[in-house]
Structure formats: structure tokens, C-alpha cells
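Below is one structure; the comments refer to it alone.
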Amino acid sequence: MKKKNRYINSKEIICGFINKFVSLQRINQEKMKIQIINGPNLNLLGVREPGIYGSESFEVFLPKLQERYPDIEIDYYQSNVEGELINKMQEVGFSCDGIVLNAGAYTHTSIALHDCIRSLRCPVIEVHISNVHQREEFRHKSMISAACKGVICGFGLDSYRLAIEAIKEK
């Protein structure tokens, strides 16, 4: 009769423990959360100046973006009011993985948005649908760029996808 080995291979224990730990980590991981925030007049996408902003509304575009990134929870907020944009950023900016911000015309005027962005824990990517540097001179200056992790402009609605990619890779 063969005696069973009373000694256990320590490599097997360690490997088993690591595999179990990695499996549990994957189970416990939450989806990445990204908040898209659009500022003034962006509720009119698809209608407003389609030659500059395109003919697709954000309400049509957003589900396509969410479908492309099933592993990311993408939430959307739009307001024409500067203070409401700040309130939303303060609400989510300490718990989400990143903010994609198209501040619209407030980009060029708002020190308050700049200060808010600097106070947040998550990265903020500034986006613009059009290439603001090919437009009127007053659109060339951004009050928020220095506070943001990065800036993407001129790629149409695809600017939002590029911003999500940047946040994913952070």
C-alpha cells in the first residue's frame, strides 16, 4: 500500500491562491464610470449649424457610444447654465473615472469652470466638435484647457470617443 505524500507542494498553494485572488478581483471590479457633460446650446446638436456641428443629435449619438463601450458606464448631462455644469462636475468628480467636458461657449469665458476642474479628483478631457482654431478668433482662447488633462477638438462627435479612449488609458 502506497503512502500518501503528507507534504503539500507550496508552489501549487501559492498559484492556486493567486488564481483565486485574480478571479475574485475580476468579479469585484466595477465598471469604469465616465460622465459626459455638455454645455450651452449643445442640446441643439443636429439642428444648430449642421455645417459646423453635423446633423446628428447627441440623443442619437449617445446610445451608439454606449454600445461601443459595454464595459464602461457612460452617463450624460447637458445644461445651458454655468452653475449647473459646476454642480454636476462637483457631484461626480470625486467618484467617477473621468469627465468628458464640452463646455461650449463657457470654454472661452469661465474662470469658475477652470477652478472647479482643478478641484476634482478625476481627469477631465476638454472636447469640441469643431476645430475651434479654424473658427473666429475669440474661440481660440480656452479658459479651461490649463486645468484639463487634455484637449480634443475638430473630429466631430468622434471627439467624445477619443476622449473616452484617453480616459481608459490613463
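Placement of Cβ uses the backbone N, Cα and C atoms for every residue, glycine included.
Annotation source TrEMBL lists site 'Transition state stabilizer' at Arg48. Under the DSSP three-state reduction, Arg48 (site 'Transition state stabilizer') is assigned to coil, being neither helix nor strand.
Within 10 Å of the C-beta atom of Tyr53 (active site, proton acceptor) sit 20 other C-beta atoms, taking all shown protein chains into account. The active site, proton acceptor annotation in TrEMBL covers Tyr53.
Taken from TrEMBL, the feature substrate binding site covers Asn102, His108, Asp115, Ile129, Ser130, Arg139. Note: Arg139 (substrate binding site) has non-local neighbours Thr107, His108, Val132, His133, i.e. same-chain residues 6+ apart with C-beta under 8 A of its own C-beta.
Cβ neighbours of His128 (active site, proton donor) (same chain, under 8 Å, six or more residues apart in sequence): Asn102, Thr107, Val151, Ile152, Cys153, Gly154, Ser159. DSSP gives His128 (active site, proton donor) a strand state. According to TrEMBL, the feature active site, proton donor maps to His128.
A simple Cβ count within 10 Å picks out one of the recorded positions Arg48, His108 as the most packed, and that one is His108.
Across Asn102, His108, Asp115, Ile129, Ser130, Arg139, which the record gives as binding substrate, the greatest C-alpha separation is 24 Å. Neighbour count (other Cβ atoms within 10 Å of the Cβ, all protein chains): 18 for Ser130 (substrate binding site). In the three-state DSSP reading, Asn102 (substrate binding site) counts as strand.
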